[in-house]
Amino acid sequence: MSFRKVVRQSKFRHVFGQPVKNDQCYEDIRVSRVTWDSTFCAVNPKFLAVIVEASGGGAFLVLPLSKTGRIDKAYPTVCGHTGPVLDIDWCPHNDEVIASGSEDCTVMVWQIPENGLTSPLTEPVVVLEGHTKRVGIIAWHPTARNVLLSAGCDNVVLIWNVGTAEELYRLDGLHPDLIYNVSWNCNGSLFCSACKDKSVRIIDPRRGTLVAEREKAHEGARPMRAIFLADGKVFTTGFSRMSERQLALWDPENLEEPMALQELDSSNGALLPFYDPDTSVVYVCGKGDSSIRYFEITEEPPYIHFLNTFTSKEPQRGMGSMPKRGLEVSKCEIARFYKLHERKCEPIVMTVPRKSDLFQDDLYPDTAGPEAALEAEEWVSGRDADPILISLREAYVPSKQRDLKISRRNVLSDSRPAVAPGSSRLGAPASATTATDATPSGSLARAREAGKLEEVMQELQALRALVKEQGERICRLEEQLGRMENGDA
């Protein structure tokens, strides 16, 4: 009687990683040596940002993605912090806005010029001061515009409205020890955190309450990480009591036992998880490792399925992950990582091998786009919204970025009449806008914009028609070629 092993079906079983050629790497970058378990790298479809060594303060490089090769030592940096930069994060709703947290206890938000830096950037758009110790964690809200979370070594989590430079919420009694990481859920109604006291917590930031808590999620004393998955489950990485690295999957409804627990190896580098909600694949890379392991998360046991390992020769100091809208869909690229070495940054492309050149619907479901689903005030008032999705079929062209504008509240003239119930919280600016819109210049500007939009739409239609026509022509030629090869013509 023969037993045949049944192999689990998955379209990601054959995903393979490949480093790019040397001339497409970013060479001669002095990556920061700060002993902090941050990724040191953030990337979006326009720019790559890397925290670098800087004398007399903190700095990070911002490079246009196309600026590969050797980076000049004199290349301008973003250098407004007075202490080393510990974490950076690009705004998901504006590819030219980045936030940074530093040992100088401040959070700064920067507007990067459209074509990159030509001189050192020392003036942030806004400085957020509220922490009493160094700020090691920065995370933008996934769906609300201008909402930013920061966490510091003072064990305090602060939520900011960057648009008004004000502190929205201060959560200072929930973490008794150092916070290792923070992760928003997909609509930004909750976040989860991993703490040095070995607890994983799920927190409602607007109420300032603890929704769920699991003590000793991992028994080991080394750093943990916790991230939210798209379905609301929590994925954690940590260490066992015997210092073996572990992965675990938790159901927030019942945190007594993990849904799945896997032991990996006995290396001592903290495991950094990167999650792709569209494909349910988690990529795990360790600080100081030379490999990236990837796992598929499914609905049925054993829930965490090992897919493969990408291995290279050199260990990684940090890692950045490209958002889905920045990938090359024509090459079936499902993820791209930016691996930091001692002196360079090397992109690593994850690809699903496919023979067809057509758009692969199953690999690219609609993904989160750059439009914010909510304004900060709507989120504060209790509203939640899922990300606004975009299709990658048209090889997605980004919209014009809105500049980040800070409107500071004038404390002196705060004796305004009370706002009537049901009217907007920001009543004054709204009425001002209405007045402006009523002027002839406002209508002229709108007419001009409408004309431009019409022009763009016509051009887009013409291009689509041309593409369709060429596609039909290619099909006819392929048929003709096939007939000739078969000897029919």
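Just so it is clear, glycine is given a Cβ too, placed from its N, Cα and C backbone atoms.
These numbers come from a predicted model, not from an experiment.
In TrEMBL, the annotation coiled coil applies to 446-473, one of the ranges 110-137, 194-221, 278-305, 446-473.
With a cut-off of 8 Å between Cβ atoms, the residues of this chain six or more beyond the repeat 'WD' (78-112) that come close are 32, 34, 36, 38-39, 41-47, 49, 51, 54, 57-62, 120-129, 131-140, 142, 145, 148, 150, 152, 160, 162, 323, 368, 370-372, 398, 401-404. Tertiary proximity for the repeat 'WD' (128-170) is limited to same-chain residues at least six positions away from its ends with a CB under 8 Å from its CB atoms, namely 36, 38, 83, 86-93, 99-109, 176-179, 181-184, 186-188, 191, 193, 203, 205-206, 208, 368, 372-376, 378-380, 384-388, 404-409. Model confidence over the repeat 'WD' (78-112) stands at 96, taken as the mean pLDDT rounded to a whole number. Look at the repeat 'WD' (128-170): DSSP puts its residues at 0 helix, 25 strand, 18 coil.
Helix, strand and coil counts under DSSP for the repeat 'WD' (78-112) come to 0 helix, 22 strand, 13 coil.
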